[in-house]
Amino acid sequence: MYGNNNKKSINITSMFQNLIPEGSDIFSRRCIWVNGPVIVGAGPSGLAVAAGLKREGVPFIILERANCIASLWQNRTYDRLKLHLPKQFCQLPNYPFPDEFPEYPTKFQFIQYLESYAANFDINPKFNETVQSAKYDETFGLWRVKTISNMGQLGSCEFEYICRWIVVATGENAEKVVPDFEGLEDFGGDVLHAGDYKSGGRYQGKKVLVVGCGNSGMEVSLDLYNHGANPSMVVRSAVHVLPREIFGKSTFELGVTMMKYMPVWLADKTILFLARIILGNTDKYGLKRPKIGPLELKNKEGKTPVLDIGALPKIRSGKIKIVPGIIKFGKGKVELIDGRVLEIDSVILATGYRSNVPSWLKDNDFFSDDGIPKNPFPNGWKGEAGLYAVGFTRKGLFGASLDAMSVAHDIANRWKEESKQQKKTAAARHRRCISHF
C-alpha cells in the first residue's frame, strides 16, 4: 500500500475505473490508483502542499527522487549557509520556526525545521522514486505518472500512478547549470559546481576562480578567503549588491513595506540611496549596477539582488579579486576578456540551477521551454486538467508558501465535490491494479 492519510481517503476514481475497457494500456505497468493528487518533489514546496492537504483530509502521495526531504538543502548547499531573509519570511504555512532559532537560521537549523514540519503533519514521501514522465490522458481524463523506483539490493521497479491531479513541486533549482567553457577539459585542476561545495578547508593556499557573482558566488568567495585561499570572482554582468540589513531592519522587509505605500521605482531609488550610504559606490570595485532597480528587476526578470554578508569589505581591500568574463581555459590557467591570463589551481562554478520540468512533463502549454510557468506570480500556480505548480514564483519560500496554500485549497474543494458524487463505500478495484490509495 502506498500513500498517506489512508484512513480518511475516499475513492473518487471508481467512476473512471468502471469506464476503462478491458485490455486498455492504461494499466501497462504496475499500476497504482491515487484518490487524490500526486505531488512531485519533497522539498519545501511539496511539503507545504502536503501539509495543506492533510489539514483538509485529502489523500495524496509524494514522489521524491532523492533519499530525503529537501535534498537541495541537505545535499547541495555549503556548510556556512544561512537563510538570507529573516525566518518569518521563510517559514512554511501553519508551522512557525521555534522561538529559540536566530533571526537568520543556519542551513542545519532549516533542515531540522523541515524535518519537524514533515513529522508534525505526518508526511511520508516515497523516496528514491524518479519520475520519468507525466502525461495527461485525454481519453480517460486522468494523469499518468511513470516512475522508476530504486529499491536498493532488490534493484529497480517501474510504476505508473493514475490520478486526477498532479502538483509539480520540483522547483526552479532542480538541475545544476554547468556552462560549456572552451578548454575547461584541459584545465587539469579541480572543477566543482557550487552545489558540491561544502567548505573552503581543502583550498587553503590555493588560487581559486569562482565563476558567478550571485549570492552563492559571493558567499563561496568569502568562505574561501576565510579558509586561507586566494579567491578571484568572475563578474560578467551588472549586479545589485545590497546590505542584508539597513539600519537594523531587513532590506527585504523594508522593500516589501515600502512597496505597500509607494511605486516600485520610488522604493528602488530609496533602497539604492540607502545602500550607497552603507556600502559606498560598488561600481569602482567592478560591481556595476543594472540600469533598473533591484525590486523592479526581481519583479520583471526574477533576478535576485545579492545581500552582502561580509564579502564586500574583502572585495574593497582586494582580498577577494573581481575579474571580468572568461575567454577560455588552459592547463592551470584562464584567459580573461581583458587580455589577462591568471594562473589558478581550482574552479568553482557558482552558475546556479534551472528547472527540469521540460524533461519529464509531456505535452503541456503551461510551462515555458525553461521550465517556468508562463503566467507570472501570483497566477502561475494553476494550469488546466488538474495540473498545479508550486515553487516557481521566483519569490523564494515566501512565494512558494502562498502558492502552496492556493493549490491545497483548490484541490481540496474539487476533491470534496467529487467525493459527494460517490458512494462512501470501498470502491471496486480494477483487477490489474497492484495497489490502491
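In case you wondered, yes, glycine gets a Cβ from its N, Cα and C as well.
Feature list (source: Swiss-Prot):
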- G41, A42, G43, P44, S45, G46: FAD binding site (BINDING)
- G212, C213, G214, N215, S216, G217: NADP(+) binding site (BINDING)
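The structure, with features from Swiss-Prot marked on it.
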| residue | record | contacts (Cβ under 8 Å, 6+ apart) |
| --- | --- | --- |
| G41 | FAD binding site | I62, L63, E64, V168, A169, T170, G171, A174, G391 |
| A42 | FAD binding site | I62, L63, E64, A66, I69, A70, S71, I123, P125, F127, A169 |
| G43 | FAD binding site | I69, A70, S71, L72, W73, A169, T170, G171, G391 |
| S45 | FAD binding site | A169, G171, V390, G391, A400, D403, A404 |
| G46 | FAD binding site | I39, V40, I62, E64, P125, V167, A169, V390, G391 |
| G212 | NADP(+) binding site | A194, M233, V234, L349, A350, T351, G352 |
| G214 | NADP(+) binding site | V239, T304, V306, A350, G352 |
| N215 | NADP(+) binding site | H84, T304, V306, L307 |
| S216 | NADP(+) binding site | Y78, A194, A350, G352 |
| G217 | NADP(+) binding site | A194, V210, V211, M233, A350 |
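Remark: C213 (NADP(+) binding site) has M233, V234, V235, R236, V239, L287, V306, A350 as non-local neighbours, by Cβ distance under 8 Å and separation of at least 6 in sequence. Each of I39, L47, A48, V49, I62, E64, I69, A70, A169, T170, G171, V390, G391 belongs to the same chain as G41, A42, G43, P44, S45, G46, is absent from that list, and has a C-beta within 8 angstroms of the C-beta centroid marking the FAD site. Compute the center of the Cβ atoms of G212, C213, G214, N215, S216, G217, which mark the site for NADP(+); besides them, the chain residues with Cβ within 8 Å of that center are A194, V210, M218, E219, V220, V306, A350, G352. Other C-beta atoms found within 10 angstroms of the C-beta of P44 (FAD binding site) number 28, with every protein chain shown included.
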